[in-house]
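K.L.:
Quick one: the structure is below, and I'll ask about it shortly.
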Amino acid sequence: MASVPLEDKDVVYRLTKPDGTIVSPSPLLPANSKAEPYSLVIKRKRPSSPPGAGNGNVYTTAPVNGAATPAKSTSPSLDIKLNEISKALEPLREMTAFRDQLVSFQKRIEAAERQISMTSFPTTRVSSKAIKRVSKIDPIFAHQPKYVFTDETVAYLKHPSFDMWQWEENEMAALIEHMFSELGLIEKFKIELPILKRFLHTIKDNYNNNPFHNFRHCFCVTQMYYGILHSTGAREKLEPMDLLIGLVSCIIHDVDHPGFNNAYQINARTELATVYNDQSPLENHHCAVGFTIIRNSDCNIFKNLTDKEWEAARKGIIRCVLATDLTKHGDIMAKFKSIIDTFSYSDPEHRAQLLVMMVKCADISNEARPADVAEPWLDCLLEEYFAQSDREKAEGLPYAPFMDREKVTKPGAQVGFIQFVMIPLFETLGKVLTGLENDVIPQIRKSLAYYQELQQKLAKEQKSAA
């Protein structure tokens, strides 16, 4: 029992949760919330007046974020104590907020250090560095508040138009946790909730604060995969293991992304390129970091899988994540087109190729969302591209024209990509998942028309200026 007697030895002060559970004030105490506020309970241990006086058992309860509310009667001294304790508890919220800011600041420092240390001839093994980073699991992750989402939010989460900009990182992690539950994966694979929470928050913490390749992008990709499952009916047709493979692939697909693409890794001869022999260095690294996290006993969401299930999950996830390397795009498209006419959900290889296509589509799905949701992502992507090309110029390395801030325009960056990569990819997948033609592909075509119109206006302005 956690009790805090102050100067009045006859009075006991307790801090409780809404369900009556007594908690101890400490720097690790989760932040207070309006939905489930802490209460301060004040109780006199023994009568302070003669028997029968009627006020010998004073009992006062107060929300931490409000004034004291007497249950029977109170006294000036208790009011004073109550105010003192309420003020004393206020720093706990400030300490919690400061802790969150400190974690965020530390992540920014790590990202900056990583960029600074990416020289042509690095000397530190990336595998050791990755293992060291992901082995630091903050115990506070096990005590995160339980989020309760409205029916409207749960229904909206299943739609490909979901707006991810409205949510904080912890909320996005909780939404992904809901996906595990709604898809039946927690029950089917006996995933322990505390371990799932630690896994998701450790993954979140290992996404760097890049303009584009960050945890919000991770959530965006994961949610689109989840939305496609529901909007096309694939959720009922795929096996539970397939659902798990696709979901985890999306979650880890860009973890620990340094903000510089494979071309930079190879041309700059970074350690990632050296370790993975110039073969999809980033995608291999994302897999390695993701499974390093899963191997940690505190984050092992696969701990109750059979050996056969583990092998299937690992093989499928690696296949999906490596497929997000766009240099493999043509081969993957050709392979999937060859099975469209004979596609069968009873064929494991067909389902595996379908998952690859779903993850690929989810990875580049920004323009499948409404313009007000999609366009900010383009700004983020260009910011990351420009930072890379600036660095490549400074280091005397080759740089891509589509990353050059002196040549790129927003419509110019999107028209070709949407027209020749995105639409063919989604249309090809849509031959199997026919629901895409109703819920997703029309919005992509709207995005293409929008940027084509913008491109024409820009061309006219440039012609007039000339």
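Placement of Cβ uses the backbone N, Cα and C atoms for every residue, glycine included.
Per TrEMBL, active site, proton donor is recorded for HIS213. According to TrEMBL, the AMP binding site annotation covers HIS213, ASN214, PHE215, ARG216, HIS217, ASP254, ASP363, GLN414. Summarising the annotation, TrEMBL assigns Zn(2+) 1 binding site to HIS217, HIS253, ASP254, ASP363. Sequence annotations record features per position, and here TrEMBL assigns Zn(2+) 2 binding site to ASP254. What TrEMBL records for 137-462 is domain 'PDEase'.
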K.L.:
Out of ASP254, ASP363, which of the binding-site residues has the smallest number of neighbouring Cβ atoms within 10 Å?
P.N.:
ASP363
K.L.:
Most Cβ neighbours within 10 Å: which of the recorded positions HIS213, ARG216, HIS217, HIS253 is it?
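P.N.:
Sorting the candidates by Cβ neighbours within 10 Å, the top entry is HIS253.
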K.L.:
Are there any residues at least 6 positions away along the chain from ASN214 (AMP binding site) with a Cβ closer than 8 Å to its Cβ? List them or say none.
P.N.:
TYR207, ASN208
K.L.:
Among the binding-site residues ARG216, ASP363, GLN414, which ones place their C-alpha within 10 angstroms of the C-alpha of HIS253 (Zn(2+) 1 binding site)?
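P.N.:
Those near HIS253 (Zn(2+) 1 binding site) - Cα within 10 Å - are ASP363, in sequence order.
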K.L.:
How big is the gap, in Å, between the Cα of the residue listed as 'active site, proton donor' and that of GLN414 (AMP binding site), rounded to a whole number?
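P.N.:
Distance (Cα to Cα, whole Å): 18 Å.
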K.L.:
Can you list, in sequence order, the residues of the same chain other than HIS217, HIS253, ASP254, ASP363 whose CB lies within 8 Å of the CB centroid of the Zn(2+) 1 site?
P.N.:
HIS213, CYS218, VAL221, CYS250, HIS257, THR324
K.L.:
If one looks at the chain holding GLN414 (AMP binding site), which residues at least 6 apart in sequence have a CB under 8 angstroms from its CB?
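P.N.:
When sequence neighbours closer than 6 are ignored, GLN414 (AMP binding site) has GLU367, LEU378, SER447, LEU448, TYR451 within Cβ distance under 8 Å.
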K.L.:
Which residues does PHE215 (AMP binding site) neighbour through Cβ under 8 Å, counting only same-chain ones at least six apart?
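P.N.:
The answer is GLU169, MET172, ILE203, LYS204, TYR207.
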K.L.:
When the pLDDT values for the domain 'PDEase' (137-462) are averaged, what is the result?
P.N.:
96
